[in-house]
Every structure is written in structure tokens, then in C-alpha cells.
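Reviewing the structure listed below.
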Amino acid sequence: MDSDEGYNYEFDEDEECSEEDSGAEEEEDDDEDEPDDDNLDLGEVELVEPGLGVGGERDGLLCGETGGGGGSALGPGGGGGGGGGGGGPGHEQEEDYRYEVLTAEQILQHMVECIREVNEVIQNPATITRILLSHFNWDKEKLMERYFDGNLEKLFAECHVINPSKKSRTRQMNTRSSAQDMPCQICYLNYPNSYFTGLECGHKFCMQCWSEYLTTKIMEEGMGQTISCPAHGCDILVDDNTVMRLITDSKVKLKYQHLITNSFVECNRLLKWCPAPDCHHVVKVQYPDAKPVRCKCGRQFCFNCGENWHDPVKCKWLKKWIKKCDDDSETSNWIAANTKECPKCHVTIEKDGGCNHMVCRNQNCKAEFCWVCLGPWEPHGSAWYNCNRYNEDDAKAARDAQERSRAALQRYLFYCNRYMNHMQSLRFEHKLYAQVKQKMEEMQQHNMSWIEVQFLKKAVDVLCQCRATLMYTYVFAFYLKKNNQSIIFENNQADLENATEVLSGYLERDISQDSLQDIKQKVQDKYRYCESRRRVLLQHVHEGYEKDLWEYIED
């Protein structure tokens with residue numbers, strides 16, 4: 001173990017049972033390296049490591065109690081969606097949605113507390129209880145129900161652990177003499193008995209092989225809670241104390257901790273990992289909902305789906321949109337220009353020669369048709385390069401189907417291009433913070449106070465909020481059926497979009513001494529108007545949700 005002081009989570013002796021409590025006698029063990037299973041050791045390593053994004057304050061922030069001004073969806077310290085703390089976690093102030101941001105070590109503490117609560121009833125070693133809870137997806141009630149149904153042997157077999165009450169008996173049966181060296185069954189090198197270690201199943205291997213085996217499982221295969229004994233055919237799981245004792249690399253230990261805590265978080269509907277790269281913080285809510293939460297790293301996301309906060313579109317439609325973009329966006333332009341659909345099976349076909357006689361390569365179709373009119377090829381006779389069948393009914397039907405497909409593609413491209421345009425603009429606007437900071441410094445040199453120049457930062461905050469909202473309005477509009485309410489929505493969208501572009505233009509202008517007061521007035525008026533129009537748009541969409549005014553196009 002590292003000599004540096006780390007976080008060692010242990011139960012108090014009076015809260016954890018001994019082996020006598022489990023009905024087994026305390027026995028001397030030849031293996032002096034065997035850990036005390038009554039202590040859950042997941043933390044003899046610093047949880048903060050450069051480049052892994054773990055750390056920060058110990059205490060979680062209850063975001064409903066923080067203050068601060070409004071910020072942008074992407075700006076430093078900003079708060080998207082109409083509120084949020086300037087430098088810390090933010091939230092939609094009109095929504096009383098309270099949450100905590102937890103560090104990795106706090107999640108470990110939550111795990112230990114969960115194990116402690118269960119152990120007050122079932123009285124098992126902490127490492128065994130952790131494996132049992134993992135098997136039941138950390139559902140304490142299900143574990144308790146199974147534990148007391150009268151069939152403990154079946155339960156422990158399903159969880160791939162040895163019944164603690166048989167622990168001493170198993171150790172005694174597998175005690176080996178230390179009088180002579182013995183070969184390791186993995187590397188076949190001879191070592192003294194003191195260099196061997198193993199699990200309660202009785203299979204023992206040299207410590208070097210154990211370390212390499214565990215490192216491979218953790219770092220290359222990403223396994224944490226399901227690492228089994230390396231003996232062939234043995235499915236007994238390796239406990240946490242054994243892993244932490246046999247691994248010396250702190251990076252491997254840190255990865256193992258993350259794998260174990262990840263299973264705890266993924267099984268808890270009130271917990272969600274921050275989706276930001278290299279951030280190991282977790283958001284804990286009082287109840288799960290599609291609401292915005294902000295991590296300590298500054299990332300704001302939807303707690304329900306984990307995507308960036310996407311008001312006004314719902315998670316269901318955003319998920320469909322993202323999938324559609326992943327499938328279509330890179331190839332749609334090429335498909336529109338170079339391919340047609342088979343009039344029979346609608347498989348997309350590329351013409352790779354000059355002849356208009358097409359044969360569908362779909363093994364279940366094999367339709368023959370004309371590339372020009374999409375009608376059956378048989379009536380074309382010998383007109384190999386000139387189609388004179390434009391007026392036939394079947395050819396017209398095929399062309400109509402093709403036109404509908406093209407129209408659907410053009411509609412998708414219309415919304416996709418505008419969605420991507422606002423996304424790109426949002427990235428550019430994010431760079432405005434550096435430019436605005438420089439302008440604010442220049443304005444202070446022209447006899448303006450620090451407070452007087454804050455309108456520029458506020459304007460960029462509002463601009464980024466509006467860009468993010470507009471980006472997701474095009475996802476909402478793509479799936480929206482036309483009706484009177486959708487027309488109102490599109491008018492609100494157009495008004496906000498126009499005002500946002502004007503505000504963006506103001507902020508990109510060079511500010512001179514002569515235009516200082518004029519541009520300040522224009523920027524303030526315009527960002528206030530943008531705030532108002534954004535609020536109106538969102539309120540109208542939310543009212544439509546409440547009154548069931550929206551009808552959708554199933555893609």
C-alpha cells in the first residue's frame with residue numbers, strides 16, 4: 001500500500017460483525033497478507049489526479065441555495081435557461097429543482113453508508129455486502145428480501161461469493177505447508193508459500209500474476225465488480241480489499257474506484273455523472289426529471305437524458321434528432337445528388353454506368369426499371385438511351401414516390417442546416433468573451449467604471465442563451481405538425497432569431513469614443529428585447545405542452 005495518507009473507508013467495530021457472529025471460529029491463517037474483510041477498502045489512493053478532473057471542494061453544493069446573476073449556456077460561469085449561479089452550479093430559477101454536485105470521494109462515502117445500513121441487518125463482511133448489493137443493482141430492499149427467504153446458499157452462489165459462515169472451514173481445507181517452494185499455476189515459477197495469495201475458493205497464485213491479471217481486467221477490459229478468480233472454471237468474484245492490496249499502481253486503483261462507483265451511480269435514478277470530458281462529478285437530485293443542472297466544472301445538462309440543456313424540445317425528440325443526424329447528416333447531400341430509390345423496394349441505388357437500364361441488387365427484389373422515369377424496363381423495348389415513357393401511370397407513381405422522398409430530404413436539410421448554423425455560431429460567440437473582456441478594459445480607460453461596462457458581458461450571456469434556444473427550436477419545429485399554434489411558434493422563432501443576429505452584430509463592432517454611449521444604449525435595448533422574446537417563445541411552447549396543443553410528425 002502507498003504510505004501516503006489516503007481515504008480509507010472502514011466500519012466501526014461495533015457496527016460490523018466478526019467471523020464468530022457468522023458462526024465460524026477464528027483461525028490462524030498461514031497467509032499473513034490476507035486482509036481483514038470487515039473493512040471495505042476502496043480508498044487507499046488519492047482520488048485527485050491531474051488530468052482526470054476529480055477533485056474540488058469536499059462539500060456538495062445545494063444549488064437551490066446559491067445565488068448569482070444570469071449567465072450563458074456556454075459562457076464561463078454562466079447560467080443557461082433564465083438563471084443560475086455566476087460561478088457555481090446554476091439552475092432555472094423559475095423551477096424549484098434542488099440538487100447537489102458530489103465528488104468521487106463523496107460517492108464512495110454514499111456507497112459505504114449504503115453498505116453500513118445493510119450490514120446493520122445482515123451482519124456480513126463489508127466486501128461481501130458490496131458484492132451482494134452490486135448483484136441486486138444496489139437495491140437494498142430486494143437484497144433483504146432474498147437474504148431472508150431461507151435459501152442463503154443459493155443466494156451466495158448466484159452472487160459468486162463464498163458464504164462467510166464457511167470461510168474458516170474453507171481456509172483450513174486449503175492451508176498449504178510453507179516448508180518448500182511451490183509452482184504458481186499461471187507462470188509455473190517456484191515461490192515460497194508466503195508469496196502466494198488467493199480467495200476463499202482456495203485457488204492461490206503468486207502476487208505478481210495476481211497483479212498483472214487484475215491490471216489487465218481493469219485497464220484493458222474495463223471490468224470492476226465482475227472480476228472472477230483466475231482459476232479455470234472458478235466464478236468466485238474478487239473482493240475490493242484483495243484488489244486494492246495486490247495492485248500497486250495508483251492509476252489502476254483510481255480506475256477501479258471509478259468502475260465501482262460507476263455501477264453505484266448507474267443503478268441510482270437520483271444520480272447522474274456529469275457528461276463533460278474528464279469530469280468525475282456526480283449530480284444528485286431529490287427526484288428525477290427533465291430539468292437543467294449545472295456541474296462544478298461549468299457544464300449544464302439535462303438530468304433526464306444527459307445531453308446539453310435543450311429547452312424547448314423534449315428529450316424524446318432530441319434523441320430521435322441526434323440519431324437522425326448521426327445517420328444522415330454526412331451523406332444526405334451526396335445521396336440527393338447521386339442516387340435514386342428502387343421504385344419497388346425503395347433501396348437507394350447509385351448509377352455506375354451510362355445505360356439507363358437498372359437492375360436492383362437487392363436479392364429479394366431484382367426489379368428492372370428505367371433510371372430516367374423509374375418505370376418498369378420491359379415496356380421500353382430497345383430504347384436503351386432514350387426514355388419515351390414519361391406519361392405512363394406506373395412511371396408517374398414511381399416518380400411521385402421519388403419526389404416525396406426528395407421533399408422529405410430537403411425538409412430535413414432545411415432544419416439541419418439551421419440547427420448546425422446556430423451551433424457553429426454559438427461556438428464563435430463563446431470566443432466573444434475574450435474580445436468583450438478587452439473591450440471592457442478599453443471602455444474603462446474612457447472614464448467608465450467597472451460596473452458601467454458589465455452590460456457587454458451580460459449581452460454575450462444573453463446572446464449565447466438565445467443561440468442555444470434557437471438551435472433546439474429547429475429540432476422542435478422539425479417534428480411539429482402545422483397548425484395555428486405552430487404558426488405562432490414560427491413567428492416567435494423568427495422574431496427572436498432576427499433580434500439575436502442584430503445583437504451579435506452590435507457586439508462584433510469596434511467601439512470608438514464617439515460611439516460609446518450610442519452602442520451601449522443599443523446593446524442594452526437589444527439584449528433586453530432578446531431576453532423578453534426568448535421568454536415569450538419558451539412560455540408559449542411550455543403552455544402548448546400543458547394544454548396538449550402540439551401535434552408531432554413521427555419520423
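Glycine too: its Cβ is placed from the backbone N, Cα and C atoms.
Feature annotation from Swiss-Prot assigns region 'Disordered' to 1-93.
For 65-90, the entry in Swiss-Prot reads compositional bias 'Gly residues'.
Positions annotated as region 'TRIAD supradomain' by Swiss-Prot: 180-391.
According to Swiss-Prot, the Zn(2+) 1 binding site annotation covers CYS184, CYS187, CYS206, CYS209, on the basis of sequence analysis. Sequence-distant contacts (6 or more apart, same chain, Cβ under 8 Å) of CYS184 (Zn(2+) 1 binding site) comprise ASN190, TYR191, PHE196, PHE205, CYS206, CYS209. Under the three-state DSSP scheme, CYS184 (Zn(2+) 1 binding site) falls in the coil class.
For 184-234 (among others), the entry in Swiss-Prot reads zinc finger.
In this structure, CYS229 (Zn(2+) 2 binding site) belongs to neither helix nor strand by DSSP; it is coil. Taken from Swiss-Prot, the feature Zn(2+) 2 binding site applies to CYS201, HIS203, CYS229, CYS234, supported by sequence analysis.
Residues or ranges marked as zinc finger by Swiss-Prot: 254-315 (among others).
Annotation note: CYS279 (Zn(2+) 3 binding site) sits in a coil segment as assigned by DSSP. Of all the Cβ atoms in the protein chains shown, 18 others lie within 10 Å of the Cβ of CYS279 (Zn(2+) 3 binding site). Under the heading Zn(2+) 3 binding site, Swiss-Prot lists CYS274, CYS279, CYS295, CYS297.
Proximity of HIS310 (Zn(2+) 4 binding site) to non-local residues of its own chain (separation of 6 or more, Cβ distance below 8 Å) is seen for CYS302, LEU318, TYR472, VAL475, given in sequence order. Per Swiss-Prot, Zn(2+) 4 binding site is recorded for CYS302, CYS305, HIS310, CYS315, and the stated evidence type is sequence analysis.
Marked as Zn(2+) 5 binding site by Swiss-Prot: CYS342, CYS345, CYS360, CYS365. Counting only residues at least six positions away in the same chain, the Cβ atoms of CYS342, LYS344, CYS345, VAL347 sit under 8 Å from the Cβ of CYS365 (Zn(2+) 5 binding site).
What Swiss-Prot lists as zinc finger is 342-373 (among others).
If you look up Swiss-Prot, you'll see CYS370, CYS373, HIS380, CYS387 marked as Zn(2+) 6 binding site, on the strength of sequence analysis. CYS373 (Zn(2+) 6 binding site) carries neither a helix nor a strand DSSP state and counts as coil.
The average pLDDT the prediction assigns to the zinc finger (254-315) is 91. The residues of the zinc finger (254-315), classed with DSSP into helix (H, G, I), strand (E, B) and coil, number 14 helix, 14 strand, 34 coil.
In the three-state DSSP reading, CYS345 (Zn(2+) 5 binding site) counts as coil. With a 10 A radius on its CB, CYS274 (Zn(2+) 3 binding site) counts 24 other CB atoms from all the protein chains.
For CYS315 (Zn(2+) 4 binding site) paired with CYS295 (Zn(2+) 3 binding site), the C-alpha to C-alpha distance reads 19 Å.
Listed binding-site residues: CYS305, CYS345. The one with the lowest count of other Cβ atoms within 10 Å of its Cβ is CYS345. Comparing Cα positions, CYS229 (Zn(2+) 2 binding site) lies closest to CYS279 out of the binding-site residues CYS279, CYS295, CYS370. Cβ contacts within 10 Å of CYS229 (Zn(2+) 2 binding site), excluding its own Cβ and spanning all protein chains shown: 22.
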